[in-house]
Amino acid sequence: MALWFMVGIICGLCFVCLSAELQRLEQPGKGDGSLSFLVVGDWGRRGSFNQSRVAFQMGKIGEKLDIDFVVSTGDNFYDNGLSSEHDTAFEESFTDVYTANSLQKQWYSVLGNHDYRGDAEAQLSPLLRKIDSRWLCLRSFIVNAELAEIIFVDTTPFVNTYFLDPEDHTYDWRGVTPRKPYIANLLKDVESALRESTATWKIVVGHHAIRSVGHHGDTEELVSHLLPILKANNVDFYMNGHDHCLEHISDTDSRIQFLTSGAGSKAWRGDVKQLNREGLSFFYDGQGFMSVQLTQSDAEIVFYDVYGNILHRLNASKQFLHSSM
């Protein structure tokens, strides 16, 4: 805790121990009370598969919106995470790619399933922050951005397949096993944090989709265990990666908008599932990213392609989301 506290002071962040699993990070908003940030996922390929082109457009949009931070939805380093704290892939896929001035802000990241195939704890190490102070990755945590409270959830341990049929992959489950109590405690902490939150906007970020028509589709374990908690606590947005696409799906019986931003590099063109398309508003399986702008009363979510073109825009007001419950 002492080391994390020192890092927090250096970087202008304040860490408060919320529970055994979750830490709280304080992120100041703008002077006018608004908040803006970018969301990108599934990106770390040393600039290839259009990662560098997406990064270039992120820099332009980030400057235009005067973003406060960046959210990464996981699968930060392909194909098998980082091999250690000293893996050059960290700089080659992160520091050397996201070079725009507007992107020199805090990056809040979660682990994806590909990250767990390497040394997962390497991405959590404070040593990486000495290499690039923007980097902050924890398993599960809370960002209190005044106007919004963003809860980052470690979704990979929920997925049965990674434990029961890992194929030829080896996962780094240190800090996760025994799995059942880990998940139970995490769900308890998420529920408690959401119930106690007084933020105007409640946002939850995970790597895996709850709803998706992309390659992987819905994550049934999250539908069963996490979604009821989100519904019961009036979450506005669930943001994820995993499927290499951009996507917007509205829940049919709650206020939740499911937003996928997993198109930071390699994408699957034409890989669309035809099942469970209810509530689908937008789907694009090319490369791109997402921006989020929030005020006390309104939210604007915009999806961009690799050329910076606007593909889809979601404008929502708190009054509308409340009335849609």
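In case you wondered, yes, glycine gets a Cβ from its N, Cα and C as well.
Whatever TrEMBL says is automated annotation, not expert-curated.
The signal peptide annotation in TrEMBL covers 1-19.
What TrEMBL records for 36-245 is domain 'Calcineurin-like phosphoesterase'.
There are 23 other Cβ atoms within 10 Å of the Cβ belonging to Y78 (Fe cation 1 binding site). Taken from TrEMBL, the feature Fe cation 1 binding site covers D42, D75, Y78, H244.
TrEMBL lists D75, N113, H207, H242 with the feature Fe cation 2 binding site.
Note: D42 (Fe cation 1 binding site) has non-local neighbours T73, G74, D75, G112, G241, H242, H244, G262, A263, G264, S265, K266, i.e. same-chain residues 6+ apart with C-beta under 8 A of its own C-beta. Around H207 (Fe cation 2 binding site), the same-chain residues six or more apart in sequence whose CB sits under 8 Å from its CB are G41, T73, G74, D75, V110, L111, G112, N113, T155, T156, N240, G241, H242, listed in sequence order. H244 (Fe cation 1 binding site) has a Cβ environment of 26 other Cβ atoms inside 10 Å. Over the domain 'Calcineurin-like phosphoesterase' (36-245) the predicted model carries a mean pLDDT of 97. Other C-beta atoms found within 10 angstroms of the C-beta of H242 (Fe cation 2 binding site) number 27, with every protein chain shown included.
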